[in-house]
Amino acid sequence: MNTQIPASGLDGLTAQIDLGALAHNTRTVAAYAPGAALMAVLKADAYGHGALPVARAALAGGAAELGVTTIDEAVALREGGVTVPLLSWLSTSGYERAIDADVRLGVSSPRQLAKVVEAARAVGRPAMVHVKVDTGLNRNGVAPAEWAATRDALVDAERAGRVRLQGVFTHLAHGDEPEHPFLDVQRDALAAIVADARAHGLTPDLVHAANSAAALTRPDLHFDLVRPGIALYGGIPVPGRDFGLRPVMTFAAPVILIKRIRAGEGVSYGHSWIAPHDTVVGLIPAGYADGVWRPLSGRIEVAIGGRRFPQVGRVCMDQCVIDLGPDGGGVAEGDTAVLFGDAPGADRAADWAEKLGTIDYEVLTGVRGRAVRTYTGEL
Ligand SMILES: *Cc1c(COP(=O)(O)O)cnc(C)c1O
């Protein structure tokens, strides 16, 4: 996706990012976790919102730290001028670059730790490490069977001055189900690991476990730091619960062509929609190559000036059609149609996700192609 504001103004598809809403959401999550620091999670280019501007907005909203998946993402933030603590938790190479850029490293096994120690030796500076422990997600993180070996290696590496263990963290399997008993299991497993680390002389300052949902609903999982992602972007972290979060991305396009069609005429490939009466249709320059998923064909509505209009016929690669009704709905060429986001009557990304059988994370990170990102909003 491009991130620019064309000098000629916007006449195409846009992903408008409201940085004021992002700062508001950051403050909102922070207020739910007053005893913990907040690490804004900016992986996948800030869930498709643009990592660098989002970093600035999250910091303005009170984030103390930033978290990303890869070292490349972390180094790009450093190169963009970000100076706050940064944690990267999935890379298995490039550790020299991370240590050099003062990026903290998540470690998931004794093999990874050995590579980090080697990199620290090469750079001549200790690596700042957060050990990620697997407390039941069975994804990344140190497996229970490898904890003792990892802990002993951490003790050795600290003694040798190669590593400083700053953090111990885990990730939840049922974060979005606040009542789920497995949350207690993971909390207790993390606490036991931390106690064991301390008993062996390690002194982590930051214990962390909570994603957005847990940050908003489970104070017993806040520990020293919370790691929200989706809540900052105004997603729906816990289905059916309203935390006062505002959508950050508004996905919108102008109506670029309006035409009348007759009752019985079909629209778009396969004529899967046949006009039931004479009507007026509008063309939107947005399709599945841009993040308007083809399985949504005929199942969504766009908002124009607060009114909702159904999308009809198949969504194509780069265009789709809406039915403006027999009287044209008062819509003119050039009017803005909001696909989802912050506008009267507009869907939220979660509405699309529900229809698609997915989550709003995937809808937001799926916006791409010709969508031009623009930024608005007071910090
Ligand atoms: C993505 C991620 C988060 C943020 O999760 P949300 O559900 O978006 O709040 C936190 N921690 C880790 C390790 C992650 O991978």
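Every residue gets a Cβ built from N, Cα and C, even glycine.
Residues annotated as active site, proton acceptor in TrEMBL: LYS43 (among others). All protein chains included, LYS43 (active site, proton acceptor) registers 19 other Cβ atoms within 10 Å of its own Cβ.
Packing around TYR269 (active site, proton acceptor) is summarised by its Cβ count: 11 other Cβ atoms lie within 10 angstroms of its Cβ, all protein chains included. Summarising the annotation, TrEMBL assigns active site, proton acceptor to TYR269 (among others).
According to TrEMBL, the feature substrate binding site maps to ARG139, MET317. When secondary structure is read from DSSP and collapsed to three states, ARG139 (substrate binding site) falls in the coil class.
Across the range of the domain 'Alanine racemase C-terminal' (248-376), the DSSP-based residue counts are 23 helix, 47 strand, 59 coil. Under the heading domain 'Alanine racemase C-terminal', TrEMBL lists 248-376.
According to DSSP, LYS43 (active site, proton acceptor) sits within a helical segment. According to TrEMBL, the N6-(pyridoxal phosphate)lysine annotation covers LYS43.
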Closest of ARG139, TYR269, MET317 to LYS43 (active site, proton acceptor), Cα positions, recorded positions only:
ARG139
